[in-house]
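A short worksheet on the structure shown next.
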């Protein structure tokens with residue numbers, strides 16, 4: 001069961017984590033030249049986009065937010081691209097391949113966080129912020145302490161994601177392309193730095209859009225071919241899958257993936273609220289011109305993601321029929337070649353031949369590049385905008401801020417490559433769960449309460465936010481994944497895999513208590529400023545739009 005839960009954490013979109021789609025032993029595959037050629041075409045095309053974008057990046061606004069000129073539809077595709085990761089594509093289809101109906105329940109769980117973003121966050125975030133979520137949290141609170149906390153929360157999440165991403169990139173490429181792990185990690189790191197350094201948000205947005213379109217096309221074709229095989233009948237699809245799956249009719253029974261209600265609730269809360277606290281997702285709402293376009297972004301993103309997760313369900317059941325029952329895709333021991341996470345890739349070969357297999361492999365690699373570019377830009381903006389320009393050197397010019405941002409991109413890229421190599425054989429699945437827990441326990445409570453609770457003060461936000469962050473990290477370390485599986489202790493001090501239920505509670509209680517007991521003059525002034533903030537958040541008066549953003 002622990003392995004199943006680890007696999008669950010591994011499919012966080014988070015994620016956007018190819019690392020999580022590849023769990024267990026990795027068997028290097030023969031060199032796939034079709035995949036390599038198609039991937040090189042993608043790289044050349046996206047580098048051309050980066051060159052085009054670099055000619056249009058003239059200011060801080062252009063670099064961080066593409067000048068605020070991305071449409072709601074385009075931004076929705078880009079946001080969906082962040083979520084439609086290699087982990088989602090390979091991991092969830094593998095989950096359906098092994099567990100059946102439970103895979104659909106889990107994949108749809110990713111969508112639960114989006115109504116929160118749509119109804120509670122998107123409009124006010126766009127009306128109050130400029131470049132990062134810290135702009136919103138610090139709107140009426142003390143700039144220095146709040147920006148330091150927000151930047152730390154963002155950087156920890158970005159660092160955890162990047163490490164897991166780089167390890168996953170190496171493993172995934174070893175599986176799909178037959179290339180050396182270290183070459184793959186360096187290649188991803190270099191391309192990531194080029195996209196962000198020269199093209200900024202404009203380049204990363206269009207890379208995400210192109211990747212999302214390619215992935216939706218590939219997944220749609222696979223699902224179409226599977227349904228064609230069964231006469232476009234879901235009844236035939238499920239019947240044939242049950243007939244060949246080792247579990248038989250049990251693959252249609254839900255409830256076998258989480259061991260107890262506390263774990264289920266904690267995992268669900270982490271996914272739901274963590275989504276609303278991911279820095280690279282929140283940053284995308286500043287790329288549109290106004291709150292209306294921000295709402296449209298979430299609407300389109302939710303539609304694309306919902307469609308995609310339905311496709312992965314069909315792909316998973318198709319893999320049961322066409323891959324699981326075909327000895328051509330099994331090794332001598334009867335296991336799927338490359339592991340269960342290769343189910344969707346083998347299905348691509350089964351329905352479209354070697355050429356389509358190369359296409360799907362190249363798209364899977366492209367998903368990694370697109371997501372790491374977004375993560376890197378989010379981390380760089382936290383350092384250059386939140387820390388450098390608003391804490392350490394107030395009044396810095398745009399040119400100085402952009403220089404710091406680009407230096408940070410280089411540093412993050414080099415660190416990501418080094419750590420990707422060092423963590424090659426380490427268990428990094430816990431990093432995804434920890435990233436979501438921190439986003440849900442530190443970033444989300446402060447952003448939400450700063451926009452909705454008039455009695456919030458800097459003291460409450462600081463103490464509650466740090467308590468949430470520290471609680472998430474400590475409980476994750478004391479839990480079964482790190483304390484037992486990595487550190488080798490016999491029994492975990494904290495019995496649950498996911499800390500979000502407890503760390504989120506600590507954060508909200510801490511923020512409420514320390515704000516409610518803050519009787520300082522500064523606290524009173526911050527409460528009085530809420531009315532002006534509320535008017536701005538509702539009307540958008542004073543918000544910068546379009547080219548002036």
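Glycine is treated like the rest: Cβ placed from N, Cα and C.
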Of 5-27, 212-234, the range Swiss-Prot labels transmembrane segment: 212-234
Membrane side match, residue 100 / residue 334, Swiss-Prot record: yes
Result, the transmembrane segment (146-168) in contact with the transmembrane segment (303-325) (3+ CB pairs under 8 Å): no
Cβ-based contact of the transmembrane segment (103-125) with the transmembrane segment (350-372), 3 or more pairs under 8 Å: no
Contact between the transmembrane segment (76-98) and the transmembrane segment (212-234) (at least 3 Cβ pairs under 8 Å, separation 6+): yes
Listed stretch, out of 33-55, 146-168, 261-283, 350-372, 462-484, that has the most CB pairs under 8 angstroms to the transmembrane segment (402-424): 146-168
Most Cβ pairs under 8 Å with the transmembrane segment (494-516), selected from 33-55, 146-168, 183-205, 462-484: 462-484
Candidates 33-55, 146-168, 212-234, 462-484; stretch with most C-beta pairs under 8 Å toward the transmembrane segment (183-205): 33-55
